[in-house]
Ligand SMILES: NC(=O)C1=CN([C@@H]2O[C@H](COP(=O)(O)OP(=O)(O)OC[C@H]3O[C@@H](n4cnc5c(N)ncnc54)[C@H](O)[C@@H]3O)[C@@H](O)[C@H]2O)C=CC1
Ligand SMILES: O=C(O)[C@H]1O[C@H](OP(=O)(O)OP(=O)(O)OC[C@H]2O[C@@H](n3ccc(=O)[nH]c3=O)[C@H](O)[C@@H]2O)[C@H](O)[C@@H](O)[C@@H]1O
């Protein structure tokens, strides 16, 4: 079997690497010629630790090819993975136009049996739609099967997560598809769930929405912790020791961002609404998340007064460390609000870049954290890059105009920072 991956973004490029590592012949197809050109040279078009080296290794060995030629690629491969984006539309529903295009391309160019597997996160019921889009585009009634195989990797940890997944979920009604997928993943020794397509699709949304719920719960609790003079990190540690709760995703902060949690929670709420089910908990999860950045900004306003003309050093732009992804990043929300209040923003992120939009043109983009700190009236830490924890904050203090530190990721030790003379506030750690 040889495998075609349609869409070479985070998920497509990682999936291509995983199958190449497992010994299969793989081709990545994208409509973006620039991305394909870089990938052909073994270079990635996004930041993901460890992935570029593995892609380059397989490009050199010839096991991994990249192309923009849909016709040949679809004709020459037996197994086709759809890994294109499914962004949110303004009304909160998933935009399936890239999925539809990929399905129609497959239907149009297929020349024999194909197994079509969807790795993109798609609303419940999309497998049925993909089947009908393929059928409608077919020139001849070739046989094909569809399967859902959702992806659970995290950005920044994509290699580790994809090579050693906690589970493989396969949703299909076809015995032939199940057999082929079991063969493809034969070297993986994790639990398997083989189920119907709708269940597989819902497992993906339910998982992301549950993780988002944990985060919003801790963020709400953090506000109570501030009032009660209790440290939310210690509460999280105590809770996390209960194996029924688990220690992960209990980190209070500026809220969740990224290309997935915000859009997937919203899509699940919309799916439920179409079936006249009101997912009230998830409405609140989104609500808490939307305003979480403002909670920290309020603390800054209380300390500094009006933010107009204040120098604010923003540390971190990416939605989380070890990625250059800024989709739905809480830092962007913070910067937008600071600019609207006419603060002077000095920004540093080790890899992420501001969008090229006139709205951000007054932001001073700095080459180092120290440069961003120059004459700052306050530091607002938005992304917990390791380098920020390692910075010598004692030496950095004289760079600032006023040593005010607002820690949106509870990254620093409050007592240490205060011991150095900083006015320090985190989220749920202020006492
Ligand atoms: N980014 C992540 O960490 C994860 C993403 N997902 C899901 O995987 C899907 C893909 O996400 P990303 O990789 O982040 O998206 P992305 O936006 O980084 O990449 C999508 C790629 O598909 C290409 N594309 C679009 N239409 C195409 C077509 N008709 N033919 C060929 N290429 C086409 C685009 O040019 C782009 O390179 C989404 O549904 C997302 O929700 C799931 C788990 C993790
Ligand atoms: O469907 C997806 O795309 C992926 O979405 C998330 O992965 P990702 O968005 O890459 O990053 P996470 O590590 O989950 O972080 C998401 C956001 O939550 C925030 N977060 C995370 C954990 C926590 O305790 N607190 C917290 O605020 C992070 O700062 C970040 O902004 C899921 O963790 C993956 O399993 C899933 O495959």
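Just so it is clear, glycine is given a Cβ too, placed from its N, Cα and C backbone atoms.
Summarising the environment of residue 155 (NAD(+) binding site), the number of other Cβ atoms within 10 Å of its Cβ, over all protein chains shown, is 25. Among the features that TrEMBL reports, NAD(+) binding site is placed at 30, 35, 86, 121, 155, 263, 327.
Applying an 8 A CB threshold to same-chain residues 6+ apart, the list for residue 257 (substrate binding site) reads 319, 320, 327, 328, 329, 330, 331, 332. The substrate binding site feature in TrEMBL is assigned to 152, 153, 154, 155, 204, 249, 250, 251, 252, 253, 257, 320.
Feature annotation from TrEMBL assigns active site, nucleophile to 260. In sequence order, 121, 208 are the residues of the chain that are 6 or more apart from residue 260 (active site, nucleophile) and have a CB within less than 8 Å of its CB.
With DSSP classes pooled into helix, strand and coil, the tally for the domain 'UDP-glucose/GDP-mannose dehydrogenase C-terminal' (313-414) is 32 helix, 18 strand, 52 coil. What TrEMBL records for 313-414 is domain 'UDP-glucose/GDP-mannose dehydrogenase C-terminal'.
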Given 30, 155, 250, 252, 257, 263 as the binding-site residues, which ones have a Cβ positioned under 6 Å from some atom of ligand 1?
30, 155
If one measures from the C-alpha of residue 35 (NAD(+) binding site) to the C-alpha of residue 154 (substrate binding site), what distance in angstrom results, rounded to a whole number?
21
Taking only the CA atoms, the spacing between residue 30 (NAD(+) binding site) and residue 252 (substrate binding site), expressed in whole angstrom, is 37
Closest of the binding-site residues to residue 250 (substrate binding site), Cα to Cα, picking from 86, 155, 263?
155
Rounded Cα distance in angstrom between residue 204 (substrate binding site) and residue 155 (NAD(+) binding site) is 16
